[in-house]
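> Quick one: the structure is below, and I'll ask about it shortly.
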Amino acid sequence: MSTNNPRITVIGTGYLGATHAVCMALLGFDVLGVDVDSSKIDLLQSGRVPFFEPGLPEKLAEALDSGRLRFSTDLDEAAAFGDVHFICVGTPQARDSAAADLRYVDAAFAGLAERITRKALLVGKSTVPIGTAARLTSLVQTISPLGPELELAWNPEFLREGFAVADTLHPDRLVFGVSSEWAREQLARVFQPIVDEGTPVIVADLATAELVKVAANSFLATKISYINAMAEVCEATGADVSLLATALSLDDRIGGRFLKPGLGFGGGCLPKDIRAFRHRAEELGIGQAVSFLGEVDSINIRRRVRTVDLVRELAGGDLSGVRVAALGAAFKPNSDDVRDAPALDVARMLYLEGASVSVYDPQANANAHRVFPDLNYADSLSESVRDADVVVLLTEWQEFRDADPDELGALVRYRRIVDGRHALDADDYRLKGWEYRALGRPAQSGTVALRLDRRDEVAAT
Ligand code: UDX
């Protein structure tokens, strides 16, 4: 690669930023990763990833070894170093409303704008309400000694946790939200190796680029809630949502991805993004256009309540004093992220009804303990299920899929299981004497192998 490559900074080194910084270094750029959290920076600089993400530790080691990646807490250093600055800080849900909390984004853009003294491009990657990039453009150009020379672009990121490296290096598409040809050229240079693979590029205005991200996440959330709404219909009619999902997935126009019924979506993106989108639409006076996202949210939350109902049913109608083994705490497998995790929410509701809950997650116990210290946490699957009255599968880790129903059965007090993720072999469990229940399926439903797409499978690392 040419020596006059743009130098890159990545501000914010969470799931998105740390992965982006590592991948940009692997693509041949000199990269400086910056975060206000010095413990995170120390870990990354010493080659350790502060969260669980398959494949990332190896890639971090490779990037550090290349000499092209380093980390710092110093924004002055970032301003002096970078030609293209990627802002990857979080936009969590505000404490007191459904809106996105933009304080970290505003601080990062303003902090850089005050310090940058030569022409540079600030690129937002965080998920933000439509109109934020336009507002930030005026903000940074007012603050900056460079005025309009300091340009801003938006480049939304679609990476999924558990697939972060692959999604960053080989995305389905790139979106460049720009206001000038110069800004487009900078992004084209930075993403050249990815574009050269034939990745489609959409060049758009700032508002469209912001909207692509929230529209994509809203669509995915809607697809999941759609099949989960059908699960509710199945529960009332005796139909089987697994067979239904399989039949729908075979229609190419519908497809099977994100059509997996169960406990529903959680995490740091989908739930807060649909809420922030609704909130922004209200502000814009077009609330009706996306009011259906309120239903999407409600359907999703009702799955959690229904899961608790099934556990209570299996326990004989009352949860007080019942020993429940809760398998999983992360919002999905191959992640240690418990933000808005359906699993943890169900465990909490069971606990509040008086159950004695033993949670086990292969990676997320520590994060879960921080959020809900009152639950019991087990160090292994067998410890969690020992003497359980009911087992409930909440996150479909491979370890739980692979568990032997007989071996588990030897440990529990009663062989009763609720499969909150349609991940287990119903026939096998019944054969081994378990009472098996799953959301949206009749009490005696048999095994249905939901069609999985290899693009949704994490490769063994
Ligand atoms: C999501 C988007 O997929 C990604 O493009 C964006 O950049 C960030 O938000 P992520 O939050 O990592 O990524 O998780 P994702 O794989 O989308 O799963 C979200 C939730 O939906 C999980 O809780 C998962 O268990 C649930 N889900 C997913 C289902 O319940 N059914 C499905 O069919 C698919």
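Just so you know, the numbers here start at 1 and follow the chain as drawn.
In case you wondered, yes, glycine gets a Cβ from its N, Cα and C as well.
Per TrEMBL, the features are:
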type	residues	note
BINDING	D35, K40, T91, T127, E161, K272, R339	NAD(+) binding site
BINDING	F158, L159, R160, E161, K213, F258, L259, K260, P261, G262, G266, K332	substrate binding site
ACT_SITE	C269	active site, nucleophile
DOMAIN	325-426	domain 'UDP-glucose/GDP-mannose dehydrogenase C-terminal'
> Roughly how many Å lie between the Cα atoms of C269 (active site, nucleophile) and E161 (NAD(+) binding site), rounded to a whole value?
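C269 (active site, nucleophile) to E161 (NAD(+) binding site), Cα-Cα distance: 10 Å.
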> Restricting to the same chain and to sequence separations of six or more, state which residues have a Cβ under 8 Å from that of E161 (NAD(+) binding site).
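Non-local contacts for E161 (NAD(+) binding site): Y15, E53, G267, K332, N334, S335, D337.
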> Within the set D35, F158, R160, E161, C269, K272, which recorded positions show a CB-to-ligand 1 distance under 6 A?
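Going through D35, F158, R160, E161, C269, K272 in sequence order, those close to ligand 1 turn out to be F158, R160, E161, C269.
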> Among D35, K40, T91, T127, E161, K272, R339, recorded NAD(+) binders, what is the largest CA to CA distance in Å?
24
> For K40 (NAD(+) binding site) and R160 (substrate binding site), determine the Cα separation and express it in whole Å.
21
> Would you count the other CB atoms within 10 A of the CB of R160 (substrate binding site), including those on all shown protein chains?
17
> Write down the Cα-Cα distance for F158 (substrate binding site) and D35 (NAD(+) binding site), rounded and given in Å.
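Rounded to a whole number, the Cα-Cα distance is 21 Å.
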> Of F158, R160, K213, L259, which binding-site residues come within 10 Å of R339 (NAD(+) binding site), going by C-alpha to C-alpha distance?
none
